[in-house]
Structures are given as structure tokens and as C-alpha cells.
Amino acid sequence: MTLAVPGHVCFAAALILGYSASPATAQDNSIKVTLDNTYGTIAPPNDAFPFNANHASVVSVVLLILSLTFVGISFKESKRWNSTVPAALTIGAASCILPEAVDNYLANCYWAQSHDPRFLMFTFLGREFDVFVGIIWWSFGAVLGCCIFGALMRDVSTGTLWKGLALAGLFDIVLEECLLNYGGLYFYYGHQPLVLIAKFPWWWLFCNVSAIFMGIAVTYRYRAWFNGWKSVFVLPILPFCYIGAWSLAAMPTVYAVQADYSPLVTQACGVLTCCIALVQTGVMMDAILDRDPLDVGSGRRNISLQDAKTSLDTRQVRWK
């Protein structure tokens, strides 16, 4: 007798038990890799990594509900602050799938392909990206965009902002370990450093969070200009900021994952990437948000007359 287990139950099991998977199943820094004879890099698995349509459907439904929930919250935020920017930022986070395709090539992340034109979102350098990829990435960007932008609008202390970014990294770990252990969606290949639990290389979370924070910070800095119909320009701002910040931090590790260096060198590159991501995030706070990243008890250094008026106006509606 065969016992059928519903897809959402399997996903819940991955959520609860994902941490127990063996690190040996991960593409970490100690596995044996074979370089492509033509290009001298590690070849992607392509169709050797099978696509699981059922898993893609379950994950798409769960994370689409999550994304739409935060879209609803962002509309309430837009009403609270009398600005179209919170909603535009949360909805526009879906555009981050465009640079995601680029950094997947650079750092060896492979998404399974259904080869079904009904679910094809776009093709990049010969690799197909299905709709479920966009839904997964939108959920991550929507949660971060809505929460971090909301924290900035409330002028939280720099320490609280750092804690929020740390929680975003924790969210990335939980989400990706669940998705990777669920199977049939994507995986990281090659010599990935800092695989500390099961299958997710932690250096990615530093790059992901820092890169998304760049777009949020720029949008917040120029929120007055983006208000109204100009909110449409948030759509290109987010992917441009993302790929720039991600590439800067990830550069040392990109060299490592495409080669066959020793575990020590690979791990060192991953640690260096994490450090660069932290430093550039601090620079964003200083140069864009006018905050001292090391003064965790303070907020913005200076408040212009316009910001002061905005602060007084929003303070009146904050508790409505």
C-alpha cells in the first residue's frame, strides 16, 4: 500500500526538519569538482537536476500568499504616510528577479527548468527561468522591503536597524534551507563556502540582504521625489542597486566558486565577502541614510527643515 503525502505537508516537514539534513549533501568547499574542458569552470547540472512540478506549485502558492500579505500591509503603510512609495517598493521587489538571474550565473546557483512554455518567465544566456523563481524571490524582497522601509519611516535607532537586517538574514537562512531541502527547485553547486547547516551557503545571505538594503536605502532617501506617479521609477532602481551591491560584496567568492581552490582559500573568500557586505552596508547607512553605523543608540545625524516638517506631519497620523 502506498501512502500519499500532500505537498504542503512535505513543505512543512522541510520547514521543521530542514536543519537536520546532512552537510555532506551540500555543494560545499570540500567536494570533488570537475572543471569543464572548454571553459575551465564548473558546469551547471542542467537537466541532470530534475524539476519537481508539485513542489514548485506548493511553494508558489505559499510564498505568493506571503507576498500579497505584505503588499496589503504596504498599502496600509502608504495610507499612513500619505505616500505611494511603500506600496511601490513592496510590489517592485519582484523586479529583483532580473539581477538574480545574473548573480546565479556568477556564483553557481541553478534553478530547475520545466521546459514548459506556459510557465516560462524569461530566458537568460540560454537558461530558462520559470514563474516560480520570480514568486520565490518576490516573497523575500517584499518582506524585506516592507519591513525595513517601515522601520526607516519610523526613524528607529541604528541599532534597531542592524537588528532588523540580522533578522532578514535569519529569514533568508530559514527560507532557503526549507526550499533546498524540499527539493526539485534549485541548488548551489561548486565549491560554496560557509555551508554551515545543510545546503545553504551563508555568504549568500550577507550579499542578498546588503544588496536589497541598497535599493531600500536609495528609495527612502529620495522618497519625496518618488511619491506619486514617479513611483514607477522604483522598478528599475531596485534591480540596478541590487546587482551593484551584490557584485561588489560577492566578488572574492565568485572567483572561488568557479574554480577548484583548497577549502581554506574557498572559506577565506566567503568570510571576506561577508566582511565586505557588512562594511558596504555601513557605508550605505552613512552616505545614504546619514546615520553613524557604529552609533547604535542614535538615528539620523541631521534633520533638514523639510524632513522636520514631514516628521511633524507624519507624527500626527502615526497613531491614528
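Glycine is no exception: its Cβ is also placed from the backbone N, Cα and C atoms.
Automatic prediction, not curation, is the source of TrEMBL annotations.
Summarising the annotation, TrEMBL assigns signal peptide to 1-26. Summarising the annotation, TrEMBL assigns transmembrane segment to 55-73, 131-153, 201-220, 232-255, 261-279.
Residues 29-30, 191-194, 201-203, 206-207, 209-210, 248-253, 255 of the same chain, all 6+ positions outside the transmembrane segment (261-279), place their C-beta atoms under 8 angstroms from a C-beta of that stretch. Residues 7-8, 10-11, 87, 90-91, 94, 112, 114, 130-132, 135-136, 138-139, 142-143, 145-147, 179, 182-185 of the same chain, all 6+ positions outside the transmembrane segment (55-73), place their C-beta atoms under 8 angstroms from a C-beta of that stretch. Sequence-distant contacts of the transmembrane segment (131-153) (same chain, at least 6 residues past either end, Cβ-Cβ under 8 Å): 56-57, 59-60, 63-64, 66-67, 70-71, 73-74, 77, 81, 85-86, 89-94, 96-97, 100, 111, 119-121, 160-161, 164-165, 168, 171-172, 175, 179, 185-186, 208-209, 212-213, 215-217, 219-220, 238, 289, 314.
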